[in-house]
Amino acid sequence: MSASPRLQLSPPWVKALPLIGIALLAVAPLLLPEFTVTLLNYIGLYAIVAMGLVLLTGVGGLTSFGQAAFVGLGAYTTATLTTTYGVSPWLTLLVGLALTALVALALGFITLRLSGHYLPLGTIAWGISLYYLFGNVEFLGGHTGISGIPTLGVFGFELHSGREFFYLIWLAVLGVVVLTRNLLDSRSGRAIRALKGGSLMAEAMGVNTPRAKIVIFTVAALYACLSGWLYAHLQRFVNPTPFSLTQGIEYLFMAVIGGVAHVWGALLGAGLITILKQWLQDWLPQLLGQSGNFEIIFFGLMMIFILHRSRDGLWPILLRFVPQAPAAQRVTTVGQPLARRPVVERGQELLSVREATKRFGGLVANNQMSLDVRAGEVVALIGPNGAGKSTLFNGISGVDPLTSGEITFRGERVERLPSREIARRGMSRTFQHVRLLSGMSVLDNVAIGAHLRGDRGYLPAALHLERDEEARLLAEAAYQIERCGLAEHLNDAAGSLPLGKQRIVEIARALAADPCLLLLDEPAAGLRYFEKQALAELLRRLRDEGIGVLLVEHDMDFVMGLADRVVVMEFGEKLAEGLPEDVQRNPAVLEAYLGGVE
Ligand code: ADP
Ligand code: MG
């Protein structure tokens, strides 16, 4: 493979882009006409909301149409408290954020349980409800709204004009950009990004997915609230109109068109939509010879076109024109590696499955299956396709619980525990159908496996106060990648590897959890001869370290050369069990599994 794209360094002007941007922003209000400054102010306010949607929708995969309602919450809280009760505006920001957090937690608790299209529908429902609340409650000014909102003072300096306000808004934008980027570049960020790959994998790696969802939902709401608070003091007047569902949809437009999975996409989208809207509002009626909100129609068509051409919005397209820096090598040597689990003594029982039964409606996929795995042994689970091996793995790991039966793991009954709790106790697995985040690097994918070995949460991540732990997590991930022979692919996107190697990435991810029991579902499928040998060697080493391995595999040479014991399944039931050589001679096995030949 050619190494050229990785070694190519980006020219200095690319590295200077953010600084150039900040410098331009700093002088903008001094040079630009009033109208343009106002436009930039709005772009900043919208970008803050869109940034929340990048986190929620783009990264987390949860769509919300209701963000405008949270903007309204921020705006109305400060409008009411400052005008009616004379509370200081800076205090109302804190009150607004606290109130928004409460509302978001309550709404999130109800709506985030909804799946599929019910979630967006749910956000529409409360988006509309809050909008009508603003319009119909008398002390919120009804549809006339609230006027006379005071200006903001910063260190005794009153922000009267849009030009003065500009700096506060764009400081807020920068702050939100930094927080969001920090959050995404962390253990918590990996947990959030894992949501998009379906909760199943994330949970199996120990991520508390309902919690991750609630957190990004709340953060997005807090951003919106901040934007609303700024808006109220910029306008010094609020009424319900800017907080309607239409505006909520527009925020989503901005995030999606800009590039919903990219922090800068929020800025791009907010800028583009705001400027286009202004322009279209001026020109379309003149062009068409009649007045009306034609820009909405235009946006609808543009949205369809962009989604058709580039699912990820315009930001990735823009990036193509900028020479890319090579993926940063973020692994540094660390003083203190992550703590390891105490080793289970070889030969001691790790896993005991008793009479495991799993029904899918009328189909009995596992029927009274029993097996054991001890520390320091490799047990192979074999059987024809559809025998129920993967189903049993799902039952054991808690990914899809059994209908009945008992599972004891390290002396503790676990069949009723969620998969993340089982993972916490030292069981780690791979999936037959590879579940990696294909756009993410191999390093980040494997680091998800180490999730439970860190404990710094979302707030330290957003403030980057967890760099020490993060470095140790990444170092651990890098170690496991190297151990599995994938060091050269550390920074490659996981999805760019051949399927066989992706399976090895899954093993590295499972190992990053420092497990005492490994469940490997067809790990050697798609591997070439030498790769299989390397894998067998790795598994032998793990066995010698005292790890228990339960693996499903179809390659009989691989299995027979490696396994200490073999369990044979057919039609969901155990057909035979024993030493490889005995099982190989068992007539029932030969009949059922090997087709009766030899
Ligand atoms: P194996 O891994 O041994 O090839 P599986 O455990 O994947 O077999 O499947 C066992 C049986 O259970 C198959 O008949 C399969 O169609 C069925 N099955 C597996 N998962 C589900 C599911 N989620 N819903 C319904 N049937 C399933
Ligand atoms: Mg299977």
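Each residue, glycine too, has its Cβ placed from N, Cα and C.
Bear in mind that TrEMBL entries carry predicted annotations, made automatically and left uncurated.
Keep in mind it's a predicted model, so treat the numbers as computed, not measured.
Per TrEMBL, the feature domain 'ABC transporter' maps to 351-596. On the 0 to 100 pLDDT scale, the domain 'ABC transporter' (351-596) averages 93 in the predicted structure.
Here TrEMBL flags 12-32 (among others) as transmembrane segment. Here the transmembrane segment (12-32) has long-range neighbours at 40, 163-164, 166-167, 170, 174, 322-323, 325, meaning same-chain residues at least 6 beyond its ends whose C-beta is under 8 angstroms from one of its own.
As annotated by TrEMBL, transmembrane segment applies to 44-70 (among others).
Here TrEMBL flags 90-110 (among others) as transmembrane segment.
Panel annotation: around the transmembrane segment (165-184), residues 22, 25, 28-29, 37, 40-41, 44-45, 47-48, 51, 54-55, 59, 152, 154, 159, 192-193, 219, 223, 226-227, 230, 233-234, 263-264, 267, 458, 461-464 of the same chain, lying at least six beyond its termini, place a Cβ under 8 Å from a Cβ of the stretch. The transmembrane segment annotation in TrEMBL covers 165-184 (among others).
Using a Cβ-Cβ cut-off under 8 Å and counting only residues 6 or more beyond its ends in the same chain, the transmembrane segment (214-232) has close neighbours at 45-46, 48-49, 51-53, 55-56, 59-60, 62, 64, 67-68, 70-79, 89, 92-93, 96-97, 99-101, 103-105, 107-109, 112, 149, 165, 168-169, 172, 176, 183, 188, 192, 238, 242-243, 458. Annotation source TrEMBL lists transmembrane segment at 214-232 (among others).
Among the features that TrEMBL reports, transmembrane segment is placed at 252-275 (among others). Counting same-chain residues at least six beyond the ends of the transmembrane segment (252-275), those with a Cβ under 8 angstroms from any Cβ of the stretch are 39, 42-44, 46-47, 49-51, 53-54, 57-59, 63-65, 67, 173, 177, 180-181, 184, 299, 302-303, 306-307, 312-316, 318.
For 287-307 (among others), the entry in TrEMBL reads transmembrane segment. Sequence-distant contacts of the transmembrane segment (287-307), counting only residues of its own chain at least 6 positions beyond either end whose CB sits under 8 Å from a CB of the stretch, comprise 250, 253, 256-257, 273, 276-277, 280-281, 313-314.
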Residues of the same chain, at least six outside the transmembrane segment (44-70), with any C-beta under 8 angstroms of its C-beta?
100, 103-104, 112, 119-120, 123-124, 126-127, 129-131, 166, 169-170, 172-173, 176-177, 180, 183-184, 192-193, 195-196, 212-213, 216-217, 219-228, 230-231, 234, 242-245, 247-252, 254-256, 258-263, 265-267, 269-271, 273-274
